[in-house]
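**Q** Please find one structure pasted underneath; my questions will follow.
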Amino acid sequence: MWKHVMKNPHKVLPQLLAAGIGSWGFFCTGTVRGWSSPGIPSLNATKNFEIDSTEMAWIAAMPPLCALAGALLVGYPMQRYGRRTALIGLSVPFFLGFLLMGFTHLAQHKAVLFIGRLMSGLMNGAATPASQIYISECASPRIRGTLSSFTASALALGILVAYIIGAFVDWWVLAFILSMFPMMLFTGMIFMPETPVWLISHNREEDARKALQRLRGKRTDIEAEFQRLKENQAKNSQQQEIQPKELLKGSVLKPLGISMGIMFFQQFTGINAMIFYTVSIFKSAGTTLDGRYATIIIGFVQLIATAGSGFLVDRFGRRFLLLSSATIVSCSLAAMGAFFYMQAQWGAALATEKLGWLPLLALIVFFIAYSGGYANVPFILMGEMFPARYRSILGPLSSSFNLCCTFTVVRSFPLMQISMEKYGAFWFFMCCTLVGIVFVYFLLPETKGKTLDDIEKLFSVKYNADGTLKITEVQADNYSNGKTASVASSGIAMNAPNRASFHKQKGNQDGKNAVENGNGFTPVALNPIVDSEDEDEDDGSLVPAPL
């Protein structure tokens, strides 16, 4: 797989650099999520201001809640000022949010901490679509899937870094240290080009040509790809503004519903409950291994598994990875629930003596399985399934729904442990994951190896399941002697055609065929055959529709 990616190093290395720096937004998002696990127990132990348990739960849950607003608000600056400029701009409040969190220890007032978490949460949500779109629009189609998976690895790395630093410093020192990383994003993006897609959409063709040349390498002939980008932008600019009723079409609601369903089941594996409360989980399990060091082990496992999964998506397919991931995740959750059930039945001391190894093993298996499929496949599917015309609307909707589910899980997990007991909370997540297996098996089509245009046809009533165009039935006429033309699933099938009734006529002006049925000629569009393996192919699906 790596040989496939590096088939043309002079073309790939500039894109790798852009993807590495662009994914730093996800790294910063990971540090926001990772702060909670070591930060909240440290805050409980060293706080020098008044804050109760309910407010502590809100401190953990605020980032995903605020991220919901951030993901919706970032759309305008990305469209108006560009993807690169949006990433540069959001890095500043990202930095200030962490800084305020650190200053809370000096100010000795919880309001400062709440403001800091609010700012970092808003930027948390804004950085996610901005980074993902920047990488997608900079990458060539041949390696877009692999480079797009960098974001999940960067997220896991950010969580791990927060875990490692948090194991050795207090919560407020951790916040000060983490404030450096948004400034690294700010510095790196200054030296990166804007995406050619955005530049062309704003009539800056010369800048777009330079940016594309820089991303594809100095010795690469970019003319064909550049012309395709221009043609796709011209096609999109000719389309009328999107009307609300268009979003109610089946070809739009089906992929949106599937994407939201997968986002729901991703979050209701309990992943962010594990990330935000890892140290607390280990403390309540009473394991002999220090919870801070256990989180570091889990963080390493998550990073390695997430990075590896990026090379499996195009080999095994999306459905296989999701089904395998969900199956193993449900087994791990069952094991965690079983441990806490035994703890409730036997007592903490006896359960720890006999099964103290189980929580760490179960969480390690959980993170390996989750990172192998659910970590990045839902986001890859989000970029593949949505029709190009509506992607700028449907993408933020699906991302916002994901963040809403994240907030629900993180905020309700402490309450679930009280109302359902700890084992009940883990078994609840297990049941949700099992339902997710059924959802994926029956509703998710496989998109491996398909072009974005082919995937769009899967949800369109105008096309058959094999991608062939459905033609409306041709009625009988005076010349057909009672014979009719019928439509088969693989194309047009003629029932005993009469040579005088039907004949083909080549359309040498517009590249169409016409079928004469006695009442006139019906033009039938001929779709060109496109080699999906062409490394310079670009179907324009990443060009955002006009807002």
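The backbone N, Cα and C atoms fix where each Cβ goes, and this holds for glycine too.
Caution: TrEMBL annotation is automatic and unverified by curators.
So TrEMBL lists the following for this protein:
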COILED    205-232  coiled coil
DOMAIN    15-448  domain 'Major facilitator superfamily (MFS) profile'
REGION    502-547  region 'Disordered'
TRANSMEM  12-36  transmembrane segment
TRANSMEM  56-74  transmembrane segment
TRANSMEM  86-106  transmembrane segment
TRANSMEM  112-135  transmembrane segment
TRANSMEM  147-165  transmembrane segment
TRANSMEM  171-192  transmembrane segment
TRANSMEM  256-279  transmembrane segment
TRANSMEM  291-313  transmembrane segment
TRANSMEM  320-344  transmembrane segment
TRANSMEM  356-381  transmembrane segment
TRANSMEM  393-413  transmembrane segment
TRANSMEM  425-444  transmembrane segment
**Q** Considering only the recorded stretches 56-74, 86-106, 112-135, 147-165, 356-381, state which has the highest number of Cβ pairs under 8 Å to the transmembrane segment (393-413).
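**A** The stretch I would name here is 56-74.
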**Q** Report, as numbers and ranges, every residue of the chain located at least six residues beyond the transmembrane segment (256-279) whose Cβ falls under 8 Å of a Cβ in that stretch; write 'none' if there are none.
**A** 33-34, 36-38, 40-41, 60, 64, 159, 163, 291-292, 294-295, 298, 322, 326, 329, 333, 363, 366-367, 370, 374, 377-378, 381-382, 385-386, 394, 397-398, 401-402, 405-406, 408-410, 413-414, 425-426, 429, 432-433, 435-436, 439-440, 443-444
**Q** Which of 12-36, 86-106, 112-135, 171-192 has the most Cβ pairs closer than 8 Å to the transmembrane segment (56-74)?
**A** 112-135
**Q** Is the transmembrane segment (425-444) close to the transmembrane segment (320-344), in the sense of at least 3 CB pairs under 8 angstroms with a sequence gap of 6 or more?
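**A** Between the transmembrane segment (425-444) and the transmembrane segment (320-344), which are separate recorded stretches, there is contact, as judged by 3 or more close Cβ pairs.
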**Q** Among 86-106, 112-135, 147-165, 171-192, 425-444, which stretch has the most Cβ pairs under 8 Å to the transmembrane segment (12-36)?
**A** 147-165
**Q** Check the transmembrane segment (86-106) against each of 112-135, 171-192, 291-313, 356-381, 425-444 and return whichever range has the most CB pairs under 8 Å.
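**A** Stretch with the highest Cβ contact count: 112-135.
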**Q** Taking contact to mean three or more C-beta pairs under 8 angstroms, with sequence separation of 6 or more, is the transmembrane segment (356-381) in contact with the transmembrane segment (147-165)?
**A** yes
**Q** Do any residues, 6 or more residues outside the transmembrane segment (291-313), come within under 8 Å Cβ-to-Cβ of it, and if so which ones?
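**A** The answer is 1-2, 34, 37-38, 41, 145-146, 149-150, 152-153, 155-157, 159-160, 163-164, 166-167, 278-283, 321, 360, 363-364, 367-368, 370-373, 375-377, 380, 448.
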**Q** Please compute the mean pLDDT of the model over the domain 'Major facilitator superfamily (MFS) profile' (15-448).
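**A** Taking every residue in the domain 'Major facilitator superfamily (MFS) profile' (15-448) and averaging pLDDT yields 87.
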